[in-house]
Amino acid sequence: MDRTNIENFLSRLKDLRALVIGDLMLDEYLWGRTERISPEAPVQVVDVVREDLRLGGAGNVINNLVTLGCQVHVASVLGEGHDGLLLRRRLEEKQVGIEGLQFDAKRTTSRKTRILASGQQMMRFDRESRCPIDATQEAVLAEFVSNSADRFDVILVSDYLKGVLTEDLLQSVIAVGKQKGIPVVIDPKGNDYAKYRGATLLTPNRKETEVASGISIVDEESLRLAARTLMQRIDLETLMVTRSEEGISIFFRNGEEVHLPTQAREVYDVTGAGDTVLSLVGLGLAGGLPVSEAAALANIGAGIVVGKVGTSTVNVEELHEAMAHHALEYDSKIRLRESLRDVLEVERRRGKTVVFTNGCFDLLHVGHVKYLQKARRLGDLLVLGLNSDASIRRLKGPSRPLISEQERAHILAALSCIDYVVVFDEDTPLELIDTLRPDILVKGGDYTPETVVGKDLVESYGGRVELIDLVDGRSTTNIIERILDRYEQG
């Protein structure tokens with residue numbers, strides 16, 4: 001993550017304009033104490049001491065956007081009863097544009113009532129409609145989006161399967177976004193993702209990705225297969241899978257991907273975390289951030305929100321504070337090859353010498369560290385090309401790697417001698433070397449110059465190859481064998 005770029009983006013939030021389309025709800029919280037059992041039945045009695053009523057569903061996306069200071073408009077259908085009018089009033093109080101709202105006498109505005117005691121949610125009651133909106137309401141919403149799209153920098157779609165987001169409406173919204181060059185970012189729901197076909201970006205969680213793709217996710221490889229299958233099936237530019245304690249994984253149409261570790265320190269309530277992710281990713285794209293940086297910021301925001309109880313939001317000050325306290329320099333070192341190519345071109349123009357090496361680095365040991373330190377001393381910047389999990393399996397067999405590519409990348413990025421880490425999926429780093437064009441290509445002393453992949457390419461544009469002696473007796477294979485021997489000995 002480029003921290004300066006993010007800071008500049010946060011300073012411009014007030015100028016961004018977002019349209020939120022989706023299922024609006026009221027989130028009601030009843031806070032109390034449980035100190036006795038009911039005489040009527042063997043159940044706890046909750047003595048309510050505090051009540052809270054908030055915008056929920058797509059309304060929590062609005063909460064996030066308003067808290068962040070940007071300009072917000074909404075398009076949806078509500079019931080005409082008390083809750084619908086109350087929700088409208090809450091939107092007006094937040095200065096949200098409501099010209100896209102419709103009201104239906106036959107519809108029940110969604111209200112979710114949660115009972116909390118001793119810091120835990122005990123029960124939830126739902127009152128809502130789930131039937132699709134009618135054709136007239138659908139046409140009115142589509143016309144509103146089409147006529148007003150030029151006023152917005154991003155369209156955020158929050159689907160809770162309550163009937164507002166029909167397939168025809170979604171396809172109309174996505175088509176308008178493409179025509180106008182406006183990103184359409186969707187937080188999806190359900191198992192039929194055909195209605196999201198052609199969207200700019202989807203933000204399903206891990207379970208939703210499993211259901212939509214039909215592929216059980218048990219490791220990084222199955223996650224990749226599920227993501228790629230889903231993207232191809234519904235013609236997606238980008239898929240961003242939120243993975244709770246495992247962070248966020250982003251998959252791009254060009255085959256590249258990036259993985260971000262979780263930023264949560266303590267988790268009290270995951271309610272609304274997906275809304276925070278949708279809000280920050282959407283605003284990031286609207287503000288010109290690369291997807292990976294928008295996702296990294298959203299990851300930080302979600303980490304803040306899950307540390308709060310109830311449907312919560314994050315503000316700019318909290319984001320600044322989190323960026324100051326988290327070790328974001330590690331994340332900023334892990335790059336996609338195309339973005340890293342651009343960075344290295346700038347550094348070379350500044351007179352910097354780029355050193356490149358590559359490997360699996362499964363079970364990092366002292367031999368690795370000394371090798372990397374020596375490589376770094378050969379130039380100004382050390383770039384490490386890291387074999388992906390799939391690449392290692394092809395090279396070393398199905399039992400490897402022991403450490404996932406995401407974890408290996410972050411361990412290596414924590415080393416001060418490494419400036420950038422880039423994961424590659426090919427069997428050799430030749431294509432990556434051709435993209436990055438390093439000045440110095442480094443391999444271990446167990447190679448000869450003639451056996452180094454990329455030697456001819458690097459020398460063809462004036463670069464050179466360097467071989468570094470390895471530490472005797474230090475290898476991942478030796479460590480594994482030693483562990484197994486000692487385990488067998490008891």
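Including glycine, each Cβ sits where the backbone N, Cα and C put it.
What you are looking at is a predicted structure, and each value in this text was computed from that prediction instead of being measured.
What Swiss-Prot lists as region 'Ribokinase' is 1-330. The ATP binding site annotation in Swiss-Prot covers Asn205, Arg206, Lys207, Glu208. Under the heading active site, Swiss-Prot lists Asp275, citing sequence analysis as support. Marked as region 'Cytidylyltransferase' by Swiss-Prot: 356-490.
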For the C-alpha pair, I'd like the distance in angstrom between Arg206 (ATP binding site) and Asp275 (active site), rounded off. 15
Using a 10 Å radius around each Cβ and counting other Cβ atoms from all shown chains, which of the binding-site residues Arg206, Lys207 yields the largest count? Arg206
Integer Cα-Cα distance in angstrom, the residue listed as 'active site' to Lys207 (ATP binding site): 16
Beyond the site residues Asn205, Arg206, Lys207, Glu208: chain residues whose C-beta lies within 8 Å of the centroid, for ATP: Pro204, Thr209, Glu210, Val211, Val241, Thr242, Arg243
So if I draw a 10 Å sphere around the Cβ of Asn205 (ATP binding site), how many other Cβ atoms end up inside it? 19
May I ask you to report the DSSP-based helix, strand or coil state of Asn205 (ATP binding site)? strand
Out of these recorded positions, Glu208, Asp275, which one has the fewest other C-beta atoms within 10 Å of its own C-beta? Glu208
Summarise the model confidence on the region 'Cytidylyltransferase' (356-490) as a single mean pLDDT, whole number. 90
Kindly assign Asp275 (active site) to one of the three DSSP-derived states: helix, strand or coil. helix
